[in-house]
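Pulled from Swiss-Prot:
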| type | residues | note |
| --- | --- | --- |
| COMPBIAS | 234-287 | compositional bias 'Basic and acidic residues' |
| COMPBIAS | 288-301 | compositional bias 'Basic residues' |
| COMPBIAS | 302-311 | compositional bias 'Basic and acidic residues' |
| COMPBIAS | 312-367 | compositional bias 'Basic residues' |
| COMPBIAS | 368-414 | compositional bias 'Basic and acidic residues' |
| COMPBIAS | 421-432 | compositional bias 'Basic and acidic residues' |
| MOD_RES | Met1 | N-acetylmethionine |
| MOD_RES | Ser3 | phosphoserine |
| MOD_RES | Ser110 | phosphoserine |
| MOD_RES | Ser115 | phosphoserine |
| MOD_RES | Lys231 | N6-acetyllysine |
| MOD_RES | Ser420 | phosphoserine |
| MOD_RES | Ser425 | phosphoserine |
| MOD_RES | Ser431 | phosphoserine |
Amino acid sequence: MISAAQLLDELMGRDRNLAPDEKRSNVRWDHESVCKYYLCGFCPAELFTNTRSDLGPCEKIHDENLRKQYEKSSRFMKVGYERDFLRYLQSLLAEVERRIRRGHARLALSQNQQSSGAAGPTGKNEEKIQVLTDKIDVLLQQIEELGSEGKVEEAQGMMKLVEQLKEERELLRSTTSTIESFAAQEKQMEVCEVCGAFLIVGDAQSRVDDHLMGKQHMGYAKIKATVEELKEKLRKRTEEPDRDERLKKEKQEREEREKEREREREERERKRRREEEEREKERARDRERRKRSRSRSRHSSRTSDRRCSRSRDHKRSRSRDRRRSRSRDRRRSRSHDRSERKHRSRSRDRRRSKSRDRKSYKHRSKSRDREQDRKSKEKEKKGSDDKKSSVKSSSREKQSEDTNPESKESDTKNEVNGTSEDIKSEGDTQSN
């Protein structure tokens, strides 16, 4: 009844007898009523039903859904069910191994008994047969002697005795052959190395196939394969923590190396920043020094420019006054000369006036060119003063001061040239 109920539970579920409105029982895979061997793969009690190795019915729950839940859970192969299952299967294999050893021992013992038992009776029968043969030969000789002597009745009695001895000898020979045939049949047995059952050597193939496809043989074969598979899984499972620990250590070492490299990188970056800040400060100081030197040079150049411009303006005003006075004098002299020289021809006056105009134009153009050259030189000197350092500013001032006398000389020369030209022009007019 229990096995039938379990079969119905597997087919229809444990709540098969509940009404639709009744509450169903929700059993977890870790409940005590659940077969842990079934969760790990199969229940060994289901393998050997109605066989010599029957383990009896399993009273716990066998549910495929619970096994799937266990396989999907985070505690899969971590609770210890697989190790218990492996120990139970190994105990079953140890039992069948003992059975196989006992079978081999029985075969060896029976073979020894057969060999010793067959040798003993056979030897005794041979001896009896040999004794009977000797007696028969002796009796036959006696019968011949009695027949030659004419003792027929005695010879016939001995002949009957010889017949009895021959029958006894044949009986002994037949028993010996029977024992040998039985011994030969006993030697053809062997033990199955999987389930421990006795097999006949050279038996029909159908009977061999029936044995290989039987529950007992297939059950123990499945147990052996499952044991090897579980050993491999558990070995890998035990190696995984070691590997995880090793990988964790390697990861920690890598992180430490990365942190060390990061610290070194940050140290180099800080050092580089400090050096950059120092260089920037040095550049700022250099710029400040250059600005100061430029300001000093600009101040000195401006003062020198002011002095030069003042001297130039003074000279220009003086030269302008001189030119104005000369021009007035010339106009006066010309008007006087015109009044005095009315008799001269107008053409000659025109030519002379043209020559004077040309000379005055040339003089003005030369003075204009000299003024432009002087301005360009001053601009070049200002640019060079801005580029040079403050140390050379004093030398530039000296050079600018040295150049002032030259300009004065040039101005004086121009003035002298102008006066000389004016004098020449007046002389020409007077000579005319």
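Every residue gets a Cβ built from N, Cα and C, even glycine.
There are 15 other Cβ atoms within 10 Å of the Cβ belonging to Ser110 (phosphoserine). Here the Cα atom of the residue listed as 'N6-acetyllysine' is found 38 Å from that of Ser110 (phosphoserine). In terms of DSSP helix, strand and coil, the compositional bias 'Basic and acidic residues' (234-287) has 54 helix, 0 strand, 0 coil. Other Cβ atoms within 10 Å of the Cβ of the residue listed as 'N6-acetyllysine', summed over all protein chains shown, number 12.
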